[in-house]
Amino acid sequence: MEFQFSVGPLFKHSLCKLNNYLDIESVTSDGGEREVTRTDRRMVNPLSEVINRMGEASAKAQRLNVPITTFEKLQNSDNHHVYLIVDRDFKNGKGAVVGLLKVGHKNLFIIDEAGAQNEVSPLCILDFYVHESRQRLGFGKHIFDFMLQEEKVKPAHLAIDKPSEKLLHFLRKHYGLAHVIPQANNFVVFQGFFTNRPDAVNRNTRDRLYLESNSPGITRKADSLSKDRYVPSEVVPLNEASVKPNLCAPGPKTNIHMIFQGEQSEDILTSYRTSSLTETFSKPQPGTAAFRRDLKFSHKPLW
């Protein structure tokens, strides 16, 4: 990618590494010379234009609405690095920026081949772009190898964020990364991701115990079993007869049972009577108020 200004004063060598402090670490293609340049105020505007335009070109190539790599994001990310590869001899020394590679550590939950969830902070490939006019010429392999050397990481230990088909083909062709371990997120990891990792891997406790208990030939340590678990000091066997109720045994007789079985007594019968049942009723005598009341509210048959 060409710019209106010369990129030579910005990048002293063809391979460059930038951090959030905008320190430009330039290395020759053979790795023989290395130079660190502190970005001053005169360099901020051209450097921001280089990063922003390369990020926009990468987003366009990947059909993304928002660029992944911007000058502002780089300044606000303390664990991200942007790698650039520059053709310093382009157009009589004016130079051109050929490719961009952005990496950074992220805290992720990655599923291994056994199906267990692991918490790990791998180095992630966040953005990778080589200008269309310079693809398939070895620039991508050159900048990727430079990144692996600087970050001291193996290709299989990387996590790739939403890789394109071109990037997957690139990794399969140059680094033999073909077997993908399926994930629940947008990151792609390959077989060998968990093999001899230099960083810590924290497997989910529930998944770890489940896999250990269902894996033959694995003996769990006693201290790991007793940690944070309740172990009863004594197990007392229960008497089955004392626990299981005898549904066929007759229960205590109640008053209702005694009434229907003919075993009722006078006291029981009396307790179920009301006082109105024991009273003697007589018809009201004619001429009395009670007789007139009954006559008023009584119903006469219609036929």
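Quick reminder: no glycine exception, Cβ is built from N, Cα and C everywhere.
Leu168 (acetyl-CoA binding site) carries a helical DSSP state (H, G or I). A simple way to gauge crowding: the CB of Leu168 (acetyl-CoA binding site) has 16 other CB atoms within 10 angstroms, across all the protein chains here. The acetyl-CoA binding site annotation in TrEMBL covers 128-141, 164-173.
The domain 'N-acetyltransferase' feature in TrEMBL is assigned to 1-194.
Mapped onto three states, the DSSP output places Gln62 (site 'Crucial for catalytic activity') in coil. Annotated site 'Crucial for catalytic activity' per TrEMBL: Gln62, in sequence order.
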Specify the count of other C-beta atoms within 10 Å of the C-beta of Leu137 (acetyl-CoA binding site).
11
Looking only at the domain 'N-acetyltransferase' (1-194), what is the model's average confidence as pLDDT?
94
DSSP three-state assignment (helix, strand or coil) for His131 (acetyl-CoA binding site):
coil
Phe128 (acetyl-CoA binding site) to Gln62 (site 'Crucial for catalytic activity'): how many Å between their Cα atoms?
10
Sort Leu137 (acetyl-CoA binding site) into helix, strand or coil using the DSSP assignment.
coil
Quick one: of the binding-site residues Arg134, Leu137, Gly140, Leu168, which has its CA closest to the CA of Gln62 (site 'Crucial for catalytic activity')?
Leu168
Can you count the other CB atoms that lie within 10 A of the CB of Gln62 (site 'Crucial for catalytic activity')?
17
